[in-house]
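**Q** Sharing a structure, written as C-alpha cells. Questions coming.
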Amino acid sequence: MNTKEIVNKYEFKFNKNLGQNFLIDESVLEDIIEGAEINKEDTVIEIGPGVGTLTKELLERAKEVYSIELDGDLIPILQEELKEYNNFTLIHKDALKIDFNELMENKDSIKLVANLPYYVTTPIISRLLTEKCNFKSLTIMIQKEVAERINAEPNCKEYGSLTVLVQYYCNTKIIRKVSPNSFIPRPKVDSIVIKLDRLSEPRVRVKSQKLFFNVVRSSFNMRRKTLWNSLKSLNINKESMENAFERAGIDSKRRGETLSIEEFGKLSDCIYDIL
C-alpha cells in the first residue's frame with residue numbers, strides 16, 4: 001500500500017504541532033533511496049518514519065533499521081505495517097532527546113535518513129555533528145531555505161554559521177528539489193533532499209574547535225557589522241585583536257559572510273595564540 005492508502009486505512013489524523021507532512025511522490029522516494037546508497041552492510045537510523053513507506057524500502061536494502069518516531073498514534077500503525085521485518089527496531093521517543101552515540105555504539109557503517117519536521121532540522125543536524133556521532137552520511141529532506149544555507153558559498157546572503165558548521169564536518173550534495181504537491185498535507189514551502197557525507201577529518205585543522213565555532217557564531221550574529229565589531233563579544237583587548245587580524249592576514253573591516261572556512265580557521269588559531 002502507498003502512503004495515502006495507509007493513512008486512510010487507519011484513519012490517521014495529522015498532528016500540526018509535530019509538523020507532519022508525509023511524502024506521497026514515489027519518484028522522490030526512489031531518489032532518496034538511490035541518493036542514500038544503502039546496502040546490506042549498513043545500519044540505518046531513520047528519523048520520522050511516518051506510516052513506514054520509506055522505511056519498507058530501507059528495510060529491504062539495509063542490514064538493520066532503527067526508526068525514531070515521536071507521535072504515539074503512529075506507533076501501532078508502524079508496528080502492524082512492518083511486523084514482517086526482523087531487522088526493524090522502532091523507538092518511540094523525541095529525536096532531540098536521543099543519545100545517538102549510545103544508539104550507534106558498536107555499529108560500523110551507519111547512515112541516517114530523515115524527512116525532518118522543519119522545526120527540528122537545525123537542532124538535529126547540529127547535535128549529530130558537534131557530538132561527533134559516528135555516521136557515514138545523512139540524507140535528509142528539509143526546507144529549501146535551510147538546504148540553501150547548508151550548501152552556500154562565501155559572499156552570498158545564505159552563507160552563515162550553519163554553512164560553516166556543516167561544511168566543516170561534511171561534503172554536501174543537493175539530490176533534488178521537492179514541490180509541496182509531493183506531500184500530504186501540502187506544506188507551504190518547497191523542500192530539498194540533501195546528502196551530507198561525513199569527512200574522515202574536519203575540513204580545516206584548528207587548535208581549538210570551541211574557539212573556532214565561537215568566532216564563527218560571533219561573526220554572523222550581527223551580519224551587517226564588520227568582523228572587528230562582531231568579535232568584540234569575545235572580550236579580547238584591542239591590541240591583541242589587532243595582532244590576531246594582522247597575523248591572520250585578514251582585514252578587520254571585512255564581514256563574516258566574506259570569509260571562507262579556511263580563513264575562519266586561520267583567524268581562530270591566531271586568536272588562540274594571543275590568549
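If you go along the chain as it appears here, the first residue is 1 and each next one adds 1.
Note: Cβ is positioned from N, Cα and C throughout, glycine not excepted.
What Swiss-Prot records for this protein is below:
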type    : residues                                  : note
BINDING : ASN21, LEU23, GLY48, GLU69, ASP94, ASN115 : S-adenosyl-L-methionine binding site
**Q** Which of these binding-site residues has the least crowded Cβ, counting other Cβ atoms within 10 Å: GLU69, ASP94?
**A** ASP94
**Q** Around ASN21 (S-adenosyl-L-methionine binding site), which residues of its chain at least 6 apart sit with Cβ under 8 Å of its Cβ?
**A** ASN115, PRO117, PHE183, ILE184, PRO185, ARG186, PRO187
**Q** Please determine which of the binding-site residues listed here (LEU23, GLY48) has the lowest count of neighbouring CB atoms within 10 Å.
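**A** Output over binding-site residues LEU23, GLY48: least Cβ neighbours within 10 Å is LEU23.
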**Q** Between any two of ASN21, LEU23, GLY48, GLU69, ASP94, ASN115, the residues recorded as binding S-adenosyl-L-methionine, what is the biggest Cα to Cα distance in Å?
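**A** Max span of the S-adenosyl-L-methionine binding residues, Cα based, is 20 Å.
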**Q** At a 10 Å cut-off from the C-beta of ASN115 (S-adenosyl-L-methionine binding site), count the other C-beta atoms across all protein chains.
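**A** Around ASN115 (S-adenosyl-L-methionine binding site), other Cβ atoms within 10 Å: 23.
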